[in-house]
Structures are given as C-alpha cells and as structure tokens.
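Colleague: The structure is given below, and queries will be raised subsequently.
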C-alpha cells in the first residue's frame, strides 16, 4: 500500500462516515501537496512519514482495512462494550447502561441491512435477554425484521433508522465512554453511537436511578418536532362559568364543622338517600361516612396548609356547552359543598366493587359519578349494568355476575327463575372494550371490537344510537366533563370527537404512530389527551384538531390517563407500572411515580386535586401525594432527590386486579375489579 493509496483510503473512510469537514480539509491538503510536489520533492521525501514502517499507523490502517462490514465485528465489539459497562463503577454504571439498548438494536438492524440475516438473528438472540425487562414489546416487533426491505416497510423499524435517541448523561460518564471507545479502537460501535445517539451532557453528578424514566427519550420519536409543538400556548385553566367557579362566588365550600352539624341533622331524615348517593349499598354505612368526615376534619385542623393551592386561571369554552337543568346543578353544588377535604394525613374511604364468576370474559368496568351504577363490558359482546340500590334485593342463587347469556329472556330471569341483578344490553357484534357514564348517569357509552360506539339509556334500558367512523376496534371512549360530547380512541391510530346528536365525528385527531389506547378530557373541555402504544401522550385542541403537546418519556404503551381538577397537571400510567406526572403548560415531566409492579390500568385525581389514586394489575390501589410530587424545591430538583415521590398508602386486594377508579364529588373513592383465581 503506497502513500497515495492510504490517502485515498482515508478520504473514502471519512466520506463514508459522514465527516464532510475533515474530508474537505484532507482534499485541500492533497491538492496543496500536489502543487508543491515538484519544487519540494526532495525535502518532502526526507521529512515524509514512513507509513509502511510506522507501527501505530500500520496498526490503525490494518484495523480499517479489515472488512468493516464483517458481522463478527458487531458481535465482538458489542460484547466488549457490554462487559466494560457492567464492570464500571456503580456510580456511573446505570448511566452507561442506557447506551447499550440503542447500540444493540442498531447493530441488529445494520446487520440486517447488510444482508447478514443469520448473523443478525444470532446476535439478536444472544443479547436480547439483557433488554427484555424494559423493552419487551420493542423486541417482539423487531423479531419480525427478516430482510432489508422490512426495515423500510415496518413503520417502527423505519422510525428507529431515521431518528436519533436522546440520552441524558453526566460529563464524566460521557468522557469515560469516549475514552473506552478510542482506547479499544471500537470503530463500529463508535460509528453507531455517533450516528444514532444524541447525548445531552450535563455537568455535575450522574442522575439517580429513581430518575431513570426521564433519562432515555423514546426510541423513534422526533424530539425536535416535539419541542416545536410544545412551544404552542395551552390555556389550562377552568371554565369561567363552571359550577366550581359559581360555588366560589357563592361562598365556597362549607367548613368541616358545618358539615358535621349538617350530617347529624340529615342522617335521620335522609339515611337511605345518602347511602345510595355514596355507594352505601356496597357496605359503606352512614356511620362510616361520618367517621371518615370527622377524621378529615381533625386532619385538616392539624394541617390547614395542605390544600392551600393557588387559584387556577379562568378560560372561555371553545365548545357550545349543554344547558344543565337547575335541579341537577343544585344537586352537584350540594355535593361540592359537602366534599371531604383530603390531604396526605386525611385519606379517602374506598368502596370496592368486585366482579365474580366472569369466566375471564370481563374486559372493562365503569362506575357512575355517585357510585350507584356499575357497568361491565364482556367478550361475548354484552354490556351489563348493576344498580347498587337493587343489588341486595336478589336471592343468593340469582346473582350471576358476568355469566354467559344464551336465551332472549335471560336479561329478566336468572337460573332459578328469580330476577337477575343486572340489566343486559346487547347490540355489539364484538367484545366490549370500554364503557363510560355521562355525568348524570342517565346515559352510557360503550366501544367495541366491531369498530362502533353505542349510546344506551339507563332509564329506558335500550340502545339509542350507533356511531360509526372508526375502521378498527375502538379501545376507549370517554364522556366529556359536561356530557353531550365524547371522544374515542382506536386501533386505527386516531382519536375522534363526537357529540350525542350527530352520527359522524366532529374532529379526527391523527398523528400517533401506533394504536391510541386511552384518552382523557381536560377539565375545561377544550383539550383531550391520548395515550398510545407508540409510548407517547399527545394533547389535542378540540376546536382545531391540532396537536398542542407531545409528552415523551414512557418506555412502554400508555394504558391510563387522568387530569387534575384545576387542569394544570396530567398523570399517565403505562404497561411497566410507571406513572408520570406532567406539567401541561411546559410539556415537561414533573416527576415519575414508581411503585407498581404491573400495568397501571386506572388513574383518578381527588376532587380538590391533592391526591392521585392508581389501580394496577398487581392487585393494589396506591394513593400518592400530588402536592409533594408537583411542588419540588429547586435544591431537590437539581440533586434528583427521590424523597419527593410520596406514596402515601398501598391498599392491597386479596386477588383482584384493579380495572377502574372513580372519585365521587364528595371524595369517596370507588374502585372495581374482577376476582382472579390465579
């Protein structure tokens, strides 16, 4: 290899790796050398570097001249990088481990792109176990990549290949990584890291393990586009003419002492009514409610500042809101006046509804705002509603919750001829995946695998409207806080806004890269949030249909969402059991909440917004201190102190995964789940 060949080889290498500035500089130097070669040939020959005999340069060019496309280089260099990372100091190890996953998947995809299919499968199967705990769903998708064409045809793989991964890392960890790569001459790993990873280097100490959920930005997301969208203005306040606003003008909430006096007077006069309104048929007696409120009063007296939060701004509605009947408004106002004030030292009572004998066919559960009605959606395409006021009137043998129905009369008669404990609604032609009551409880919506949404009347016990528009199964449907409008989420990657009086959608929200699995309305009805299998949450303007926020940080599909009552914060729960609290105005994660060991299927804020309840497939309900989680001192924010993640209490069930959570207007927490025999 003569000197000219070496120069050409280096120029080709620089061009291949995209080092355009270095390539231009080299070409300029070559041209200058040629121009001066005739006059300075003797001097140049005396002073030239002996490329062939220089040991360092020879070693370097030998490593480059070895087939850079050799599949063994990927296996060897990744294996060495993995061993070095796992042997690093504990202080820096968890930061360095974040680099392994993106390097692993891009090594695999590079091998596939170069048509080393068998070597790619061997590499994938050798190291996949390292990443299964956090990235199982991604790995399952990549298993289907069997040829170079799949890299372009599969949207997930295509997105990975055309976007960089953002990783937060401290300065020292970053320098350690670069030193290792240069020292070991791991040119293949260095090329992948340079091309595929965007490091966000910060001075100071490494991030704590508790902050890991915020460290790695979602693979395949376009962070620049997200940042641009998140610059849009969001009006997160409450409606100007909301009932809460009117209540404040009328004098606000009653004090706890006034509530206690009112309870004593009301207990004798209206005992049955109160029990029904607060779900008392499930075992919560009036005495228990009194005890709960008395405890809350004591706690509030001991810590009056717990609920002292700044007033939310007021905004105008972008939707034409329905007129609420005066008697309904008065009833809601009365509930709000008598709301129990919760805090970290005054936790709610919980009324838990357990489905039995469902034969593994229950897909969803929903509870009305006052807890008087409970609905279940089943795989046999049926929707069933239980009235808590009538549940105790049935004989023991007639209570057959979730039992398969085969005859037309079984919505009336049970196995022994007694009246059944539920009302059966049939109309869907596929499994029912979601159900939601309107605020008054006189209507219920259900969504199904048959790609339709149905509106039912709980008064008439009949189907009223069938809404068609989605092309694939509809995973979730939610009434707006004021009723009349509702939103749906589907496998077709869209969310849609509807009104009860129109059979066609009013708006279609498209932008997610995968299924839209769940959604939630903002308190002021001007926005909806959608959670997707693409691991992002998006917030949409209902009036324009535009995406105004993209929330990136989850590592698995989003299964549940909740909005704080003041409209400032949003909580999202994912398949891995992680909950993230987001600030809607900035689009940033306030704090991750760690504790669940399985899917978080439901989230709910308390009436005043001081507590967050989460229900999970790990058979627990957890209560979180929102005030402590969202108001983090700047010193803790910089140091990453995990003490801000306040889990106040864990409420385990015997063997019941929690499907649904709902706070009543008076702050009683309702929960529902299905008894599991496993």
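Any Cβ shown, glycine's included, is placed from N, Cα and C.
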Colleague: Out of 12-31, 32-51, which range is noted as region 'Disordered' by TrEMBL?
Modeller: 32-51
Colleague: Please identify the range among 374-393, 394-413, 414-433 that TrEMBL labels region 'Disordered'.
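Modeller: Matching range for region 'Disordered': 394-413.
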Colleague: Give residue numbers and ranges for long-range contacts of the repeat 'WD' (425-457): same chain, 6 or more residues beyond its ends, CB-CB under 8 A.
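Modeller: Those are 328, 363-370, 372-373, 375-385, 405, 411, 463-468, 470-479, 481-484, 486, 488, 490, 498, 500, in sequence order.
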